[in-house]
Amino acid sequence: MNSLKRSRPAALLERRVRPRKEEDSEVEEVENLSEDGDSSAPSEGGQSGESGSSEDEEASDDGDNASEEESEKEVDPKVDISQVSFGALAKAHASISSSKHKKSSIHHDLQDEDIKVSIAERQAARDKAAVAAAKRSSKHAPMEITSKKPVSRKRDIVEIPKTKARDPRFDPIPGMPEMDEVRARRAYAFLDEYRESELKDLKTALKKEKDPRKQEKLKREILSMESKKKTQERKDRERAVIEEHRKKEKELVKQGKQPFYLKKSEQKKQVLLDQFASLSKRKVEHVIERRRKKLAHKEKKDLPFARRGAESAE
């Protein structure tokens, strides 16, 4: 048996080691003393006692052997750590740590899955509640709002106006009425002279410039300034026509007549008449031809594509 016990630990180096509690040394000493007392008692008797005791010892040895074999099968034998190699110890430590890590990772994964499931269930419940609230008994019936929804305790007794972001640069001047376009035009009339001089400088720079890219840039700036100038002149003519009409109407009202207000279409006609009166006959014809082409092009754009192509072919 001793040979088996010595040879077995070498074969069990690769197996996992399970620690167990060591039996108390005092208990083992008491058991040894009791066994010595039992063996000495029959020796004091006769030969018949010795023969009986020998038979009993053989039977007890057989029983002990059988019990030791059963205990070897049930309980793992003790391993002497001094005989175990460092490689085996490292493998055992790695297996224990990996099993702990796997258990912890599995536990965390289960927790994450539970959280995800709970969130999905809450979202599904909210969606169901929203769908149920949006249902109607029929398409002609009004929308029903559930009465189970709690009313908020907050009440707006006096509505407070919302604060609006303001820019002090665009605030009206305090203590003065808003400046209209006529007053602004009169106050800043000197800017026209600056624009005229700037336009002349651009034209002279265009004549001297040789780089084609810079020439294109200067041309665009000149066209932009000229178009702004023409627009301002047109507005000034319209304003002059309206002011002249108002003066005449004021004089007629003083004489006791009813005031007459010009429509937008009449204002445009009057502006055109004043414009043509200031132009020569040749320029008037040129302006009329340009307006006719402009109107014809506008009408063609409104026509369908097929008819537009047929009229152009004719």
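Positions of Cβ are set from backbone N, Cα and C atoms, glycine also.
Just so you know, TrEMBL annotations never went through curation; they're auto-generated.
Per TrEMBL, the range carrying the annotation region 'Disordered' out of 269-291, 292-314 is 292-314.
The DSSP breakdown of the compositional bias 'Basic and acidic residues' (153-170), given as helix, strand and coil counts, is 3 helix, 0 strand, 15 coil.
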